[in-house]
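> Mind having a look at this structure? Questions to follow.
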Amino acid sequence: MKSGLLSLFCYQLSVVYRSGIPLLDGLKILSAEIKEPQLKQAAQEIQEEIKEGKKLSEALEKQPFFPAYLKGMLRIAEEAGTLDEETYRLSDYYEKQEEMEKEMKNAVAYPLILSVLMGAVVLILVLQVIPLFHQILLGIGGDISGSTQMMINLSQSLRNNLGILVLLLMGLALALLIFGRNKGKNVTIDRWKYHLPVFGSVNRQWLAFRLSHALHMLVSAGLAFDDALHLSTSAIGNEYAKQKMEACRHKISEGMDIAQAMEEMSLLPKMMIQMIRMGNQTGEMEGFLKRSADLYQQESSRALKKITVAVEPTLVTILSLIVGIILLTVMLPLIQIISTIG
């Protein structure tokens, strides 16, 4: 389920708890007001479970659309009697996560669209414009040699193998679709995300934000740090990071210092490690985790904006160079002939 819907659901639950309305009556109101089909159906099914005398956390367990982290947090809140506060905190958490997801998508989508447009322009030039200039040069008896001949050969080769080119593009699109549906399930791909030249650092900052925020909520609820770290893994949609976090938790349970164990993950920023070390030494872990979450939300947002701003002129420059080289290659012989005639 999308983060925006989770935020809405948690906020509506917090309103029900804070208003003092019985949960069953509140769920009836929510079911009537919710427009999104998936969430509406889930609210109705939860309502039926509550009618049978089950707790909210028990009713949520049968809902596959809700993440394990949300279920775990609500189970803890039920035991502590803080559902009104925790549902509001969860709403805020998923709202911030939605904002980050949108910024990440925008940062990726814009260069992707520009790259597709660049490819389309280059293909049109190679498949349509170059053959036209070739015919003009042949008609006026121009000398075709060197780079011009290479470009014409490339154009003819692509035109002759257009079917293969289309199949390759369709295969690439299918591979991207499969990758999108299986994201978060491949450890090798998930590891690669943290080592990309540009987006790797942003992904690590985003991990720092999500982990800090989740740990802050869990530590605030009274959980020990290693237990909080274990439950936080369900809030991280990356299998490679989950494996690292479980290894970190195992080291902490064996007696290793918290900050040292997290540093050995080799994924988290040094500033976050330092904040956790200070929080552990001073007994102010909750406060330092909140500062870390706020810091890395700002840092990742700022980094994404910088990438978006830098990508546009870079891609436009690359496109201009490619188009310019192609046009100059096929037009120079024509310009030389016109100069000779003049």
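Note that Cβ sites are derived from N, Cα and C of the backbone, with glycine treated the same way.
Below are the features listed in TrEMBL for this protein:
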- 9-131: domain 'Type II secretion system protein GspF' (DOMAIN)
- 107-130: transmembrane segment (TRANSMEM)
- 162-179: transmembrane segment (TRANSMEM)
- 214-333: domain 'Type II secretion system protein GspF' (DOMAIN)
- 315-338: transmembrane segment (TRANSMEM)
> Short question: which residues 6 or more past the ends of the transmembrane segment (315-338) have a Cβ under 8 Å from it?
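Cβ under 8 Å, 6 or more out: 111, 114-115, 117-118, 121-122, 125-126, 129-130, 133-134, 136-137, 140, 142-144, 147-148, 150-152.
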> Kindly state the mean pLDDT of the domain 'Type II secretion system protein GspF' (214-333) in the predicted structure.
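Overall, the domain 'Type II secretion system protein GspF' (214-333) comes to a mean pLDDT of 86.
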